[in-house]
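As written in TrEMBL, here are the features:
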SIGNAL    1-19  signal peptide
DOMAIN    45-140  domain 'Thioredoxin-like fold'
DOMAIN    192-248  domain 'Metaxin glutathione S-transferase'
Amino acid sequence: MANNFFLAQPAVLPLVAGAAEPWPETATLYQPLKEDQILLSDCASSLAVQAYLRMCGLPVQVAYRANAEYMSPSGKIPFIHVGNQVVSELGPIVQFTKAKGHSLSDGLDDIQRAEMKAYMELVNNMLLTAELYIQWCDDATAAEISRPRYSSPYSWPLSNILAYQKQWEVRRKMNAIGWGGKTLEQVYEDVSQCCQALSQRLGTQPFFFNKQPTELDALVFGHLFTILTTRLTSTELAERIKSYSNLLMENNLSV
């Protein structure tokens with residue numbers, strides 16, 4: 001599968017009126033080690049931010065750090081370093097670029113903007129949460145993939161301590177939001193329902209809103225592409241997504 005959207009998508013000019021602040025060529029996005037460490041959820045979030053910045057026409061260098069999670073001001077991946085500012089996660093990064101005069105959604109009216117935010121919350125509440133659940137609450141995936149990759153930069157016994165601490169944190173979060181008692185099949189069904197809602201909203205349009213991409217397009221692309229290209233202990237998650245052909249076409253994902 002080629003990452004056609006991310007590599008070939010032309011830069012989209014900012015939609016805000018007036019002059020935008022210069023964007024430094026040294027802007028850097030930090031994420032965990034690409035080959036050995038990064039997990040599905042962090043990879044999806046990082047790719048979503050990269051896609052968003054590219055859509056805005058804003059260059060960014062990608063730096064891989066074993067301790068990227070601990071470098072982040074929020075403890076979440078990814079984060080960007082621009083000038084003397086450090087900002088983590090897509091939502092705050094969107095607000096940061098907007099304050100500098102770079103935006104993809106200023107052409108939307110208030111109703112569209114509210115709808116876009118609702119769909120972004122749906123993606124984060126369903127797809128991102130499902131990724132975290134599969135990584136750390138599915139015993140097979142946690143044992144075969146998540147714990148070994150997450151702890152790979154560290155020596156024993158620190159590697160075991162950090163991996164089990166992360167798993168405990170995620171499982172505690174899942175219990176807090178009512179996902180702790182779910183089965184894998186129920187999680188897959190949540191993913192299907194999320195994709196169905198996105199598919200219905202997209203229809204036959206090239207993008208979710210109007211004729212240009214917004215941060216919602218970047219977010220959906222980051223998650224779908226990563227799910228389709230990440231090895232897990234089961235292909236069921238990817239198969240659920242493949243059922244919605246218009247989402248794959250919107251993101252130029254060949255399967």
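The backbone N, Cα and C atoms fix where each Cβ goes, and this holds for glycine too.
Fair warning: this is a prediction, and the values are worked out from it, not measured in the lab.
DSSP labels the residues of the domain 'Thioredoxin-like fold' (45-140) in these numbers: 54 helix, 12 strand, 30 coil. Averaged over the domain 'Thioredoxin-like fold' (45-140), the predicted model reaches a pLDDT of 96. Helix, strand and coil content of the domain 'Metaxin glutathione S-transferase' (192-248), in residues and according to DSSP, is 37 helix, 0 strand, 20 coil.
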